[in-house]
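Below: one structure, written as structure tokens.
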Amino acid sequence: MAKFASIITLIFAALVLFAAFDAPAMVEAQKLCEKPSGTWSGVCGNSNACKNQCINLEGAKHGSCNYVFPAHKCICYVPC
């Protein structure tokens, strides 16, 4: 019985050691800030078109139509 416990302990220790070295490196996420699109005109009804315009014309990371009183506006997400 003691030999079985030793083997189980050794296997468990090996798994813990393997998991410690195999953990993926965490990359710090870049914070994004909202900025109203400078090139979009009118009410925003198509988030995909807004996203493409933000990325291609304004160099943003992302874009979407968001409700900003009193209407939906194209909002670009740029690095802070």
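Quick reminder: no glycine exception, Cβ is built from N, Cα and C everywhere.
Quick caveat, the model's predicted, so the values are computed rather than measured.
Residues or ranges marked as signal peptide by Swiss-Prot on the basis of sequence analysis: 1-29.
Annotated pyrrolidone carboxylic acid per Swiss-Prot: GLN30, in sequence order. Under the three-state DSSP scheme, GLN30 (pyrrolidone carboxylic acid) falls in the coil class.
For CYS33-CYS80 (among others), the entry in Swiss-Prot reads disulfide bond. Under DSSP, CYS80 (disulfide bond) is assigned to coil, being neither helix nor strand in the three-state scheme.
What Swiss-Prot lists as disulfide bond is CYS44-CYS65 (among others). Secondary structure at CYS44 (disulfide bond), as computed by DSSP, is coil. Within 10 Å of the C-beta atom of CYS44 (disulfide bond) sit 23 other C-beta atoms, taking all shown protein chains into account.
Sequence annotations record features per position, and here Swiss-Prot assigns disulfide bond to CYS50-CYS74 (among others) based on similarity to another entry. For CYS74 (disulfide bond), the Cβ neighbour count at a 10 Å cut-off comes to 27, with all displayed protein chains included. Under the DSSP three-state reduction, CYS74 (disulfide bond) is assigned to strand.
According to Swiss-Prot, the disulfide bond annotation covers CYS54-CYS76 (among others). In sequence order, SER37, ALA60, HIS62, GLY63, CYS74, CYS76, TYR77 are the residues of the chain that are 6 or more apart from CYS54 (disulfide bond) and have a CB within less than 8 Å of its CB. DSSP assigns CYS54 (disulfide bond) to a helix.
Put simply, of the disulfide-bonded residues CYS44, CYS50, CYS65, CYS80, the one whose Cα is nearest the Cα of GLN30 (pyrrolidone carboxylic acid) is CYS80. Each residue contributes its Cα atom, and for CYS33 (disulfide bond) and CYS50 (disulfide bond) these two points are 16 Å apart.
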